[in-house]
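Working notes, beginning with the structure itself.
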Amino acid sequence: MQRQLLNTLTKTLRQGQTQMRLFSVSSLQREIFKVQSTEDFDKKVKNSQTPVIVDFFATWCNPCKLLTPRIENIVGEQAGSIKLAKVDIDEHSELALDYDVAAVPVLVVMQNGKELQRMVGLQDEDKIRAWVAAAVKQAKQ
Amino acid sequence: MSLFKLLRARSLVPHRQLGIVAKSKYDFDLIVLGGGSGGLACAKEAVDHGARVLCFDYVKPTPVGTKWGVGGTCVNVGCIPKKLMHQASLLGEAVHEAVAYGWNVNDQNIKPDWQKLVKSVQNHIKSVNWVTRVDLRDRKVEYVNSKGAFFDDHTIEFVPKCGKRYIVTSEYIVVAVGGRPRYPDIPGAKEFGITSDDIFSYDKEPGRTLVVGAGYVGLECACFLKGLGYDPTVMVRSIVLRGFDRQMSNLLAAMMLERDINFLHTCIPDSVERQTDGRLLVKYHNTTTQAESSDVFDTVLWAIGRKGLIEDLNLQAAGVKTQNDKIVVDASEATNVPNIFAVGDIIHGRPELTPVAILAGRLLARRLFAGSEERMDYSDVATTVFTPLEYACVGMSEEQAIETHGVDNIEVLHGYYKPTEFFIPQKSVRYCYLKAVAEINGDQKILGLHYMGPVAGEVIQGFAAALKSGLTLKTLRNTVGIHPTTAEEFTRLTITKRSGRDPTPASCCS
């Protein structure tokens, strides 16, 4: 119900504007979050039926700094059909290594504990949007 | 000794390794203590030859709290950040030179953004830390971020983050824990002074800096600080660049003086205290005149030498022999205990250089696991001091050659030169100098080469291989130089010191 309301409001506000962010903060926090621990990852990513995009990033990586806002935007547009979990690879090195992260940034789509697909490196917004849309579609099957 | 839980390291081995069945009575074939240049090279080479390897790396924070990731001194607080800051300072000079070459840049009052430089340097270092970890994972080297200490000659004891004590056994153990900067035993040294461990991530501008120590660390730091616009003073206890060729060392000091870097010769510090305005008051005295002085600085950087990190290893439990704070090894890096070896800065009496540690580590791993008999050759190791005019050398200093061969049996050829690029911006060529130390007889084998000038490391590297191949003066003279370069000056050496002729060139090519 809350979702429908938001969607209506978003559509209305979108008219005449090129870019729009969801302004309901609490809902956004559930969809986009920074992983705090391995337990947090297990709970919110591995055990999630909703597909989750895991954004493996590093604070010292410039392309990561460019990618994160782009993917946040795009996940926001998906309005709940896919979530975003951000993992700082220095804070959670073992986790990153377990997922074979070498170069960053890496986006990994997970659903029910399984990796569906991944994208390595910074891409432009259209490419990311298409990739996310495809991931959402694949997850629904 | 209190009782503690003894858990086999198997419980710490991640799930992906559980398939491996222990082939021997030991948990591992090789444990390496230290994830720096020597340790990592040894560990990676060993796995290439089928060994099961565990590598420990741990960084004890400095007194002001600085710490860093895996990779050792070179990557984090040594060669890499040093070269980057050296480059930063050279680029500052280049901006001024660019004006002479016609670039419309405003080179008045240019100032570096120290925070931005530090951030860029640290970002690079962190990316190298990560690549190192990925490499260890890819090569299947087990890695633990904790200190390892000897429990006995085949056993290492450690306490990882979870707080539980573990022991792990290995057939061979290689100690590659390296060293850390020394602090003087004077009031205020640790509370108010920093070292090379801290400067590359220093969160404030260094400002007016006192660099205590005139080894290459101190001189390089003073030079890049000057190049970045700060005001360094170098306090020298006795001589500059101990162990290096005297003439070249004095030339280097003169070059720094020409660049307005202050020197306090034959002085030692007595105390450091913080004034009410936050600046540091350093009291020192001159050991020649006995005069006592003091001066105020923003930063005090200790560069008085490095000590080996034997203190937390509990070497007594294995019976490993040490000398001062280093481990004693023979020509095959073996300690007095048959299965324990050491490589890198921790070993006594060998050059403390990354490439030395890397090659020694690799050769050791090959001897242990690939049946090789090849030993490390520690002689004729080329090295470079990265000051604005760099100094690089390979082989003997003039004094060493005189001592080993006798002054009548050697010939020293030398000359000042003028790099082509220096003319237009009118850069000082006063200290662009090189010399070759050779035997006087026969084809005149080259014993040592010394070069001061731009990109000295690049110039000397090839000559190091030539020297190792038995380079003679005859061959050098018959080598056609590449023009215009500074390296070609080695092929143009004709004036001997013995002749007394003026080594300053009048013109360029003839």
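Just so you know, glycine gets a Cβ as well, placed from its N, Cα and C.
Pulled from TrEMBL, these are the features on record:
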type	residues	note
DISULFID	B:Cys74-B:Cys79	disulfide bond
BINDING	B:Lys83, B:Gly148, B:Asp345	FAD binding site
BINDING	B:Gly213, B:Ala214, B:Gly215, B:Tyr216, B:Val217, B:Gly218, B:Leu219, B:Glu220, B:Gly305	NAD(+) binding site
DOMAIN	B:381-492	domain 'Pyridine nucleotide-disulphide oxidoreductase dimerisation'
ACT_SITE	B:His483	active site, proton acceptor
Under 8 Å by Cβ from B:Cys79 (disulfide bond), same chain, sequence gap 6 or more: B:Thr354
Three-state secondary structure, B:Cys79 (disulfide bond) (per DSSP): helix
B:Cys74 (disulfide bond) and B:Asp345 (FAD binding site), Cα-Cα, nearest whole angstrom: 11
Helix-strand-coil residue split for the domain 'Pyridine nucleotide-disulphide oxidoreductase dimerisation' (B:381-492), DSSP-based: 38 helix, 33 strand, 41 coil
Residue from B:Gly215, B:Val217, B:Leu219, B:Gly305, B:His483 whose C-alpha is spatially nearest that of B:Gly148 (FAD binding site), among the recorded positions: B:Gly305
Cα within 10 Å of B:Leu219 (NAD(+) binding site) - qualifying recorded positions among B:Cys74, B:Lys83, B:His483: none
Same-chain residues at least 6 apart in sequence whose Cβ lies under 8 Å from B:Gly305 (NAD(+) binding site): B:Pro181, B:Arg182, B:Gly213, B:Gly215
Integer mean pLDDT for the domain 'Pyridine nucleotide-disulphide oxidoreductase dimerisation' (B:381-492): 97
Alpha-carbon spacing, B:Lys83 (FAD binding site) to the residue listed as 'active site, proton acceptor', which is rounded to whole Å: 27
Separation of alpha carbons, B:Val217 (NAD(+) binding site) and B:Cys74 (disulfide bond) (Å): 12
Residue among recorded positions B:Cys74, B:Lys83, B:Gly148, B:Val217 with least C-beta crowding, 10 angstrom cut-off: B:Lys83
Output field, NAD(+) shell: CB within 8 Å of site CB centroid, site B:Gly213, B:Ala214, B:Gly215, B:Tyr216, B:Val217, B:Gly218, B:Leu219, B:Glu220, B:Gly305 dropped: B:Val211, B:Cys221, B:Leu241, B:Ala303
Fewest-neighbour residue among recorded positions, criterion Cβ within 10 Å, set B:Gly215, B:Leu219, B:Asp345, B:His483: B:His483
